[in-house]
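Chemist: Once you've had a glance at the structure underneath, I'll fire off some questions.
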Amino acid sequence: MAECLSKKIKQEETKLKKKNDTVSDIIYIIDKIREDNIMKYSCLEPYISSLIINIERGQLKLTKLEKQLTREEYLQLMSYIFYGCICITKETSTVAPTVENVDEKMHKRNFVKMNKWLTNLESFGNLSKQGDVYKGYFLGKEVVLKKPKKNFFLENTLKDYFNGIKCINSLRMECPMFAYTLGILTIETPSERKKLDEIWLVTEFIKGKTLKEMLKCNELSFKEFLDIFAQILVALEIGQNKYKFCHYDLHTDNVIIVPITNNYTCHVHVYDINVKTKFMPVMIDYGMSSSSLEKDISIGQHKIEDNGIFPYLFPGYDPYVFLLFCRDVSNVSIKSGINHLFKFYGDIDHIDYVSTLKNNTGRQTPLLFLEYIIKTYPQLSMDFTPRTIMTKSLLFKTPSMMMADLFLNPNEKESISSCFNNELNNGFIYFMLECTRNKLWFGKDKNMLTMSSYKKMISHDLKFLQKFISFVHEEKNNWSERIDDLQCAVNLLFLMKQLKIYDFKPYREWIDKFEASEMYSWYKSNKPYIDRCQRLK
């Protein structure tokens, strides 16, 4: 009797802890959403009047800048304009608004109707227990709107939005296999007693078929499936490395397959990966996902740990469970190929996936699986070459620059923040970075400084770089303890290659010396396993 009572008390304590953890997560999420809103509003504020006038007249065409921007920059611009539209619309609002929309005294007569910027809503996709999905047009561009049904899914929607703006959108800048989150808005709906505010999530529209549909209709060969899976591993590795991201709901309905005609490149570990496939997978629906923006803080689901879904990163979960889902709906050929892929995990039983994950399977990172595939399947439609890019988004236009281009002020320049720290601010690397971002280096202003100025900047960089050369010659036993410093040196290597300053002798000598060092060789071999240990903490 006492044992049963003790067990019941323990269960209640566990429930209470999960409830408290969920509340803490929501408070943290709301704070981060408010931070994002403040940042967006500060960028938009100078252009509010122009935004209202252009929308009222039907003159705001996002296509105006579409050809001048990368796809990722264009999506970022859309998200800022979307927030601006919410601010100037009385019948809707957003979560954690920074101001009461816009100052009503200033714009008393100038609020716009929502149907001026969000139109043609229609039901879209398959029926879902979680809620309804709609397709609509935001200023002429297709978007997806998700409306949750119950309180649990309302919590999921907030987490989906948080993961989107704080994690996924940043990953989308580096890798096209994530769907961009544009915004969240409240829509007032009448009920029997009172009007209720529903929270709707708005995301990028991905044009393609679900992986489930393609597998069921036998539209993929095993090689094409393998190319798709390898791309998903690349995306998951980028997500885990940057934000300890775990999708936790990566079934075949949550992967959209997009036909592509052009190659694209991603950057993982020490590789530039040139992808040359017919199909690109895009992962959607991040309400169940876990992510970590700050050390020792992880946001995720607290209520379904019995199903193997945790509020923190479980490195091997997504690839393994994804393959199980695919095997269930595949034809004989692909099913046989998936069984062969399972050899990566060794001789294990795949029936009870939760217990299997708790063993060796859950400890395997996407990068380790990807390297296994590279060795085992030479027919993979990817080229792996030495890495030359630190981060794609480094050279993208800022939202402020894009807003200035859109609203009447094309000459505004935006100062960029430091790449690493203040030690680089006065050097040639930082100068090149700022020139490239502001498109100054390629025109008539190329020789804007004197030779003595260039020499002074290069000298400043060399003093900073010399610290890392001395680090190279340290004892081998210290390398694992100084992995953060080593990662900084590797990032500098990729940055200098990205800025194409190899032709400058001082930088070329540093690059050659660093790449030839035993320490860099050690990094390439050991970093994946160090990452695995850190992700399992």
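Cβ from N, Cα, C; glycine included.
Pulled these features from Swiss-Prot for this protein:
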type     : residues                                                   : note
ACT_SITE : D249                                                       : active site, proton acceptor
BINDING  : G125, N126, L127, S128, K129, Q130, G131, D132, V133, K146 : ATP binding site
COILED   : 1-74                                                       : coiled coil
DOMAIN   : 119-429                                                    : domain 'Protein kinase'
Chemist: I'd like to know which of the binding-site residues G125, G131 has the most other Cβ atoms within 10 Å of its Cβ.
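Modeler: It comes out as G131.
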Chemist: In sequence order, which residues at least six apart in the same chain have a CB under 8 Å from the CB of D249 (active site, proton acceptor)?
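Modeler: In sequence order, D285, G287, M288, S289 meet the Cβ cut-off.
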Chemist: Check the coiled coil (1-74) for me and report the mean pLDDT.
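Modeler: That stretch averages a pLDDT of 76.
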Chemist: Give the number of CB atoms, excluding that of V133 (ATP binding site) itself, located within 10 Å of its CB.
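Modeler: There are 18 of them.
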Chemist: What three-state secondary structure does DSSP assign to V133 (ATP binding site)?
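Modeler: DSSP assigns V133 (ATP binding site) to strand.
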